[in-house]
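Copied over from Swiss-Prot:
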SIGNAL    1-25  signal peptide
DISULFID  C60-C76  disulfide bond
DISULFID  C66-C83  disulfide bond
DISULFID  C70-C85  disulfide bond
Amino acid sequence: MKNASLKLPLLIFILVITSNLGAEARKLTGVADVIVEGEAASPQYGIIDENDTLNKSPSCKRDIDCTFQCRRGGFCNLILQKCECL
């Protein structure tokens with residue numbers, strides 16, 4: 001029973017020590033600075049590339065074009081000339 005009672009505090013101690021070592025290593029190598037710069041350039045901040053494949057939708061001129069280009073059908077947004085897939 002003594003072994004079971006010591007396992008949890010020992011595990012927590014090891015996790016705290018290793019996480020602190022990882023933080024120190026990131027500071028020493030400068031990786032922490034790169035991570036901050038990468039977060040500032042993420043799509044969350046409104047930077048949207050028109051050539052990004054995740055933001056692409058098929059172009060169209062009428063609804064029938066979207067019927068064939070979307071898996072479950074869709075309709076054509078005439079203003080943007082893009083398919084709105086369902």
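Yeah, the Cβs are placed from backbone N, Cα and C, and that goes for glycine too.
Recorded features from Swiss-Prot, shown on the structure.
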{"residue": "C60", "record": "disulfide bond", "CB count, 10 Å": "23"}
{"residue": "C66", "record": "disulfide bond", "CB count, 10 Å": "23"}
{"residue": "C70", "record": "disulfide bond", "CB count, 10 Å": "17"}
{"residue": "C76", "record": "disulfide bond", "CB count, 10 Å": "21"}
{"residue": "C83", "record": "disulfide bond", "CB count, 10 Å": "22"}
{"residue": "C85", "record": "disulfide bond", "CB count, 10 Å": "14"}
